[in-house]
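Just below is one structure, and these are the notes that go with it.
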């Protein structure tokens, strides 16, 4: 029975992986967009993390996670005799399937190794597989999703090295050194999860110093390779050994310095120290958070998650996705209720919670952004695109169209200023604009992409006269919710929810204006 349930949950995970929700711009701009610009001819946008004087993001972990699959896909594309570049949307879906696969294989495999009891293992695997976090965040291209897998496998390797039944732990120690450096260059928060589990290695290193030597050498070589790749990426000239010695680019160090300054974190939002504990963790775990408090199961997994939670709470910028590595660790460290009635109640609440959050985050959350970019890439007349009240769209999905199309992200712009921009950029209205599809033959076109719930636009959309701006709806995607437009203060709770949910969707309008003859 549990195997059929698990298989069903795996298929649900795949279904969510193939849904175009957009959880945060970082899932694109801190990974796929960077590497896509290196492998393909897609014009891309590098964010401040990669363009500042002291860059804080490493490309070292991006190459094995995203670069190798892209190179393989490119090789297969050329090998099949296809002309031109691979459509970016094909690369996008390939990466989603890849994230599903490594989550399904590596995350679940790690749980099998970390949990000795078959009964408890089945419960833990089913809890993790039925979590909306696994369905959504873990199937998206976040560095946090990669960190989840690296933390889990670091615990597996620590367990193997510390196992007294192992005749030799040289291989496990060597791999642990490589994985640990990979984890640090992926996210500097990674060591926080190994503070307590790492203590298990001290007696092992005392008894078997060879394992310490192997771990140190592997970590040192991997560090040199990582710094070399980053230095080659960020320095404009060809890298020499002199550059690596005298002006290396050490991104984890830059990242730590940046995040240690409160004035830097203030640009992204400051939170109280307890935000992770009372806000983000219950949001990720749902009703399982109560069981974690009432019936925890002490294990190395629990201590790893707790140490990560404590260290991350010391930083003032706290987002829920920063705690992704703790989710499988916490879910595998709880005991199910013994009372049958309580068990059934928990199961019902758990299923309802994950179905609700899974649908919200996995289907509707900014769900029209990716399809919207694909739509714009197919519009021959599009030269200006203004995105209002949405997340920043992935530029590389335009398939080279952005050589001619200027994308403007004006998410928080006031409505009056938006109209000013549209008035400046809108093309002149012609009879062709009023006939079906004739406008596509024009050389220039201005498009506004905004949520259907943006009621501020309503008075202007119905203009059919000769004066002012004209908005012609040319595309609509229904499965889109804009949670950043919840104005409870002005509209009240129920009116706001009715507007955002009732008028869900993302719309593209072609904007023109009356011009003097």
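Keep in mind that glycine also has a Cβ here, set from the backbone N, Cα and C atoms.
What Swiss-Prot lists as transmembrane segment is 59-79, 86-106, 175-195, 209-229, 274-294, 343-363, and the listing cites sequence analysis. Per Swiss-Prot, the feature N-linked glycosylation site maps to 339, 444.
The recorded stretches the transmembrane segment (274-294) and the transmembrane segment (343-363) share 3+ CB pairs below 8 A when only pairs 6 or more apart in sequence are counted, and are therefore in contact. Away from its own ends, the transmembrane segment (59-79) comes close to residues 31-32, 34-36, 38-40, 86, 90-91, 94-95, 98, 141, 143, 146, 182, 185-186, 225-226, 229-230, 233 of its chain (Cβ-Cβ under 8 Å, at least six residues beyond either end). Residue 339 (N-linked glycosylation site) carries neither a helix nor a strand DSSP state and counts as coil.
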